[in-house]
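Taken from TrEMBL as is:
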type	residues	note
REGION	114-370	region 'Disordered'
COMPBIAS	132-149	compositional bias 'Low complexity'
COMPBIAS	157-193	compositional bias 'Low complexity'
COMPBIAS	200-216	compositional bias 'Low complexity'
COMPBIAS	226-241	compositional bias 'Low complexity'
COMPBIAS	247-272	compositional bias 'Basic and acidic residues'
DOMAIN	461-628	domain 'Tr-type G'
REGION	464-612	region 'G-domain'
BINDING	470-477, 516-520, 570-573	GTP binding site
Amino acid sequence: MPSNTVAQFAEELNMPANVLLDHFRSAGVELDSVNADVTEADKSALLESLRRSHGSDTGKKVVLTRRKTSEIHQADGSGRSRTIQVEVRKKRVLVKRDRSDLAEAARAEAAAQAAAAAAPAPEEAPAPQAPAAPAAEPVAALRAAEPAAPAAPPAPAGEAESSPAPAESAQPESAPVEAAAQNEPAEAVAPEATHQDPVSETPVAEAPATASEPAPAAEPAPRVEPVPASSAPVSAPQATPGKARRAPADADRERARRAAEEEAAALREMMRQPRKVLRAPEPEEAATTGTLHKPAGTKTTVKKESEGKKVIKTSDVSSSWSNDGRKKPSKAETLSPGAGRDAWRAGGKGGGRGGKGGRGKGRRQAEHQEPMQVEFIAREIHVPETISVADLAHKMSVKAAEVIKHLMKLGQMVTINQILDQETAMIVVEELGHTAIAAKLDDPETFLADTEAASEAEALPRAPVVTVMGHVDHGKTSLLDYIRRTKVATGEAGGITQHIGAYSVKTDRGVVAFLDTPGHEAFTAMRARGAQATDIVILVVAADDGVMPQTKEAIHHARAANVPLVVAINKIDKPEANPERVKQELVAEEVVPEEYGGDVPFIPVSAKTGQGIDELLENVLLQAEILELKAPVDAPAKGIVIEARLDKGRGPVATILVQSGTLHRGDAVLAGVAFGKVRAMLNDTGKPAAEAGPSTPVEIQGLAEVPAAGDEVLVLNDERKAREIALFRQGKFRDVKLARQQAAKLESMFDNLGEGVRTLPLIVKTDVQGSQEALVQSLLKLSTDEVRVQVVHAAVGGISESDVNLAIASGAVVIGFNVRADAPAKKQAETNDIDLRYYNIIYDAIDDVRNAMSGMLAPEKREEVIGLVEIREIFSVSKIGNIAGCMVLEGVVRRDSQVRLLRNHVVHWTGSLESLRRFKDDVKEVKAGFDCGITLKGNNDIEIGDQLEVFEIKEVARTL
């Protein structure tokens, strides 16, 4: 941008506008304000004024500044990488010399040397003084001899000081004599500054000259003697009378010049050497000071003596800079990775160069030390079932960041406190080169094995445990009800069994313990537990229904548990019963009856009339005799949890089946993660019992929490040991659960990223553990790609106020299965409009949730054709376009309907109507058999004989 005003010119010069305005006024340029225009003449006047005030030689100086910015990456103490900005600044100063001044100075110096050679120096030389005194005398004399000559500005000396490197890079092979001839003004200042800081003399002989020429050929002297700039105009005849008087000064000046040349040569030699010199560390010199092989007074002693005082540079040494111990880089600096670069990492008060800063020195020493090479050692790592990332890293003697990095490579984002499962941890151990061994924690459950081994009692015959299994509504409970002579089935909700019922039945041949399992598909886990705890399975199949899915499942469970089957073909009293078809279907499932050469007895029975019941019991007891069932009686009880629930008045209640030993009231029991004392015990009829032997189902109270159905029940002599084992199991269960949840989250990370996926949150509360398990599994199976069921919380017991608060926070629907909400929970739900739903039948709960999910589905859009119109006439109107005179052939035409233009029964255009008229009136619809006028929105391409198909888009509710 051209600088037309003072403000713009000041912005271009990067200086305040009012200061520039003052400079203009000092130069004689009258400007009113910073907004006044500036001409080229004004700028020239300002330049001349500045030259007069600051000297004309300043225009001959060129300063080149170069900045280079780079980045380095350095790891900090914690191992994280950090980016650091580094800026390197280089400055070059070039001074242009006048050829006439150089020639005159050379001639004057040649004449002075000739006069000095003609008149020999006197024998009696004055005593040597400090280098500054003799150097100052001739300068003062020359200035006195020429009062009118302008003094040499001090700027060239300062400029020459800052440019030793450019001189060397421009002329690396030039001789010291040529460098001295090119820098006469700088050489003139050098003798005066001898007594000052030695650094000021360092670049004297290497100051660059942009316009340098060799001396004329007529000069007799082989070397050009530099003289001060102020003595350049002095002629040879004026210098002749004082030849003898200036001889000592010339000799001193010659010595100073030679010292400067030697120092410049030493400096160039040092600059040519590589910056980074790597040497093996040598022993400290201080340790050998004063020994026999190194007497006192050596370089080390001198250095120690001179540490406390300032070192004065003298002309006796070639270069005091090279011998200055404080300026020499230390061994740590020379060997450090950052030697020769800017000390950007130095700290402390030492100015970044390691002066007095103890921290900077210590850091350089730390950098000097080479990292210890640690040899890899392969270890055997014992990996427990669960372990945190930090513990795993500690076992392998590596940093936790290494373990996290390998886990990230395996696709798992973990933290240092993340709990890993055993399989993942073993993979990481193998990846890092160690040997992984699956191990367990210090398991207190080993005490249980010792207890079992110690208790060896006599085994006596016991009653068989029989499980009744089959498809839903095939008559399992009715059959068992006839055996028990009670009315259990009529009292169940919906007439179906939703719990495992445990009963003990006395027959003429002995006692039989029956387990009645649910037949609904949701109760798969219940049937599996029933098959595991049983000795014999009665498979009930309806004669009028045949083999169904749950029948096949019961067969698989019985085979998996390796228990014998007894098939009861029920409902043979019905007219449509067909036992032979049932046999054929069971043979297809590899259940072969005895009459066909198999080993499975088939007994036709009727739970309604009692036909075949006695024969069924005989076959069951016969199978039990073949199995020779025995169990110890006088031993601590051992059994399995059939069902568990949380009773509001009695607390956790568990239905258990004693498999061996005898359970007494007051025994300390351990059931999975639950422990406690048997406070009360009821038999299958609801009456209190003092003890329960093998194959006896009982209901116990006194546990600390609700156990899981299927857990093993043990009686321990020490309640404290039972508590310890239970707490250990709780912690292990929690860790395993968290590890599985983490793995599941990683596997399903992108499942919910699809658009349009909605979630139905639910809170499920049931009366027993088995119902909760079955209901949750059935509800989760309803999830689709568009709507998913999320069970926020599922537990056993009534609906409490905390459940309602959780529903408020998550927006969930509370489902109560055979449970109700208490008064505070109802009040809280009514206040916050929380939906509480109660169910007694699992079918109803599943159907309602399915309907709710259907309502969350996006409706489906369908097209429905509502009419057909034929174009019989076309009217052209200039402002409107083509108007179609139409006859409605079928259905109806509505004003807001969509239409398709059909030409030769091919869709030609699809759009909407712009207007619909009957005679001259706008109408909403026209029915079949009437004519009308129609204009199409955005389309005038119509012909006589075209047809318009009228349709509407309707939204249809979708179902799952």
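Glycine too: its Cβ is placed from the backbone N, Cα and C atoms.
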Item to complete: Check the region 'G-domain' (464-612) for me and report the mean pLDDT.
Response: 78
Worksheet entry | Reduced DSSP assignment, LYS476 (GTP binding site) | helix
Worksheet entry | DSSP state at THR517 (GTP binding site), helix/strand/coil | coil
Discussion item. Using a 10 Å cut-off on CB atoms, tell me which of the binding-site residues ASP473, LYS476 is the least crowded.
Written reply: ASP473
Discussion item. Give me the long-range Cβ neighbours of ILE572 (GTP binding site): same chain, 6+ apart, Cβ under 8 Å, in sequence order.
Written reply: ALA543, PRO579, PRO604, VAL605, SER606, GLN611, GLY612
Discussion item. With DSSP assignments reduced to helix, strand and coil, which class does ILE572 (GTP binding site) get?
Written reply: coil
Worksheet item: If you draw a 10 Å sphere on the Cβ of GLY470 (GTP binding site), how many other Cβ atoms land inside?
Response: 28
